[in-house]
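According to TrEMBL, the feature domain 'Cation/H+ exchanger transmembrane' maps to 16-409. Per TrEMBL, transmembrane segment is recorded for 30-52, 64-84, 96-119, 176-199, 205-226, 260-277, 297-316, 322-342, 354-371, 383-407.
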Amino acid sequence: MTTHILLLLLAGLALLSTFLLPGLLRDRLLPLPILYVGAGYLLFKLPLELPLMNPEDARVDRQVMEYITEFIVIISLAGTGLKMKRAPGWKSWSTGIYLLAIAMPLTIGAVALLGWWWIGLAPASAILLGAVLAPTDPVLAGNVQVGPPDDDSSEDEVRFGLTLEAGLNDGLAFPFVYLALALVATTNLSESLVTWAWWDFGYRIAVGTLAGWGLGKSLGWLFRAYEKRVAGMDKNEVKEGIFILAATLITYAVTEMLEGYGFLAVFVAAVVSATRTQANTASRQRSYEAIDQVEQAVLGIFLIAFGGIIATGGLADLTWPGTLLGLALLLLLRPLAGLISFLPSRLPLVDKLAISYFGIRGVGSLYYLAYAHNSNQFPEIDAVWSIVNFTMLASIIIHGFSVKPVLDWVDRRMGRVEEGAAAGDSPGGFRDAREGTK
């Protein structure tokens, strides 16, 4: 059997498992992402002619990893934006804003400082480590987010705050990746910092936001006009899934062509579409289901590949200090940064604790690191890869097993018993049971 036929077989089995396992594991304790990563690890340990997966190895084409993870994050951000039911505003979005404006910079700074002082990384590599590990992942954090467009049972501050954070922080973490790139290549530090401040932090964020708003409005108008034109035809003539996928890719590509942050634009465009006053819930639900199926299909394959990364040396350069830093980020640094960010907030302490705890790391971190590694040569980059791989693996395990009991505890303490029961029905899936049973 040739390698490419074997890979096609594995891809088919992964897709079939994505269809079957969430229902079969609904009453089991084993989270589905852990199962996929474990299966990938075992497969790549077998004496089969499978490709080398470790991005630290010079023989691996990291461009492929960059493009695949980029696509997964783009699709996930579109789905996350479509779930948003609250119009933008300080009062409605304050929970997520606290996390983005205070917790994320604190996390980046803390990880970078420990990476430099404790691990011994060069300053540019330490900042890169902080930047790639700071964002809460929109892909693997689906179980702690609000439900799909037609479900209002999960519109509490814990899930909404984590959804908003996951949607926006992938775009807002990019400036710090560019800061690391600027530092590793600079010959004039002050000039590089000024350029970074107005271009990478100012211009790119502004363009990403404005392009997302404009394209979201324009493409939304186009879809509504088309819907009216074919209103008397068979409903199957209106393919919401095809349209939302096209709109997502167009929004991302156009924004990147304008040198803005495409991730930010995709989320903003989806939010504009989801929160407009005349939005059709049924249409949004069909769009969300279509984009979510694409994401889940690619994610299942990628998690098996991530198991392959671990099996082929993805943790080879991991040291005990690096291990402790990854665990400290998940169990100490992120929770503390979250709690500090909520000092001005009037949220109940239970909600603050839950939001601060669920800083799930995942696919976005691998994309940022692959992007940076492909853009320039960083000192100690292999150590950075190992720490990021370990942190993602630890997050999948720790948060995967704890999401059900923690959210159930929060719902009981806040008097949301029925919602808590719904939240805990499916510890095995990529997504919450509310979505899997629609």
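Every residue gets a Cβ built from N, Cα and C, even glycine.
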Listed stretch, out of 64-84, 205-226, 354-371, 383-407, that has the most CB pairs under 8 angstroms to the transmembrane segment (30-52): 383-407
Residues of the parent chain within Cβ reach of the transmembrane segment (354-371), under 8 Å, 6 or more residues beyond its termini: 55, 62-63, 65-66, 69-70, 72-73, 76, 95, 99, 103, 107, 128, 131-133, 135-141, 144, 157-158, 161-162, 170, 173-174, 177, 299, 302, 306, 329-330, 334-339, 342, 347, 384-385, 388, 391-392, 395-396, 399, 402-403, 406-407, 410
Residues from the same chain, set at least six apart from the ends of the transmembrane segment (322-342), whose C-beta lies under 8 A from its own: 98-99, 101-104, 106-107, 110-111, 114-115, 118-119, 133, 352-353, 355-357, 359, 361, 383, 386-387, 390-391, 394-395, 398-399
Contact set, same chain, for the transmembrane segment (64-84): CB under 8 Å, 6 or more residues outside the stretch: 55, 138-139, 142, 145-149, 163-164, 166-167, 170, 244-245, 248-249, 252, 262-263, 266-271, 273-275, 284, 287-288, 291-292, 294-295, 298-299, 302, 363-364, 366-367, 370-371, 374
Long-range neighbours of the transmembrane segment (96-119), counting only residues six or more past its ends (CB under 8 A): 90, 125-127, 129-131, 133-136, 160-161, 163-165, 168-169, 172-173, 176, 319, 321-322, 325, 328-329, 333-334, 337-338, 340-342, 344-345, 355-356, 359, 383, 387
Close approaches to the transmembrane segment (205-226) from elsewhere in its chain (Cβ under 8 angstroms; 6 or more beyond its ends): 171-172, 175, 238, 240, 243, 247, 250-251, 254-255, 258-273, 276, 278
